[in-house]
Amino acid sequence: MIKGIGIDIIEIERIARALEKNPRFKERLFTLEENRGFIEKGGHPASIAGVFAAKEAVVKALGTGISNMKWKDIEVLKDSAGKPYIKLHNNALEIAYSKNINEIFISISHSKENAVAQAIAT
């Protein structure tokens with residue numbers, strides 16, 4: 001049963017500007033494992049924007065605002081085939097448990113200008 005749906009779209013250029021302005025941007029919003037993934041992919045802003053959009057989509061699927069958790073409470077990882085999956089921590093995990101959410105499916109894509117992600121909580 002679907003318990004929540006979230007979608008987010010972001011301009012890749014917005015993330016590129018944030019990376020230029022604040023060198024600690026990635027450290028503040030993304031986990032160590034997520035940052036390792038960015039390095040492996042060459043640190044392209046489109047990849048970073050996709051993961052950011054995924055985090056936003058998950059927040060919406062959980063039905064809460066980000067004020068109830070930290071960005072690092074939502075981790076976007078990839079399996080051995082490269083498929084993204086969500087791992088929740090701390091408050092995000094507690095919120096999911098309280099709503100009887102067992103899994104969050106995620107899809108991420110981007111064009112030249114935008115990154116988009118959709119999350120479905122079950």
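For all residues, glycine too, the Cβ spot is worked out from N, Cα and C.
Here's what Swiss-Prot has on this protein:
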BINDING   Asp8, Glu56  Mg(2+) binding site
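If you take the C-beta of Glu56 (Mg(2+) binding site) and look for same-chain residues 6 or more apart in sequence within under 8 angstroms, you find Gly6, Asp8, Ile10, Ile66, Ala117. Neighbour density for Asp8 (Mg(2+) binding site): within 10 A of its CB lie 20 other CB atoms from the protein chains shown.
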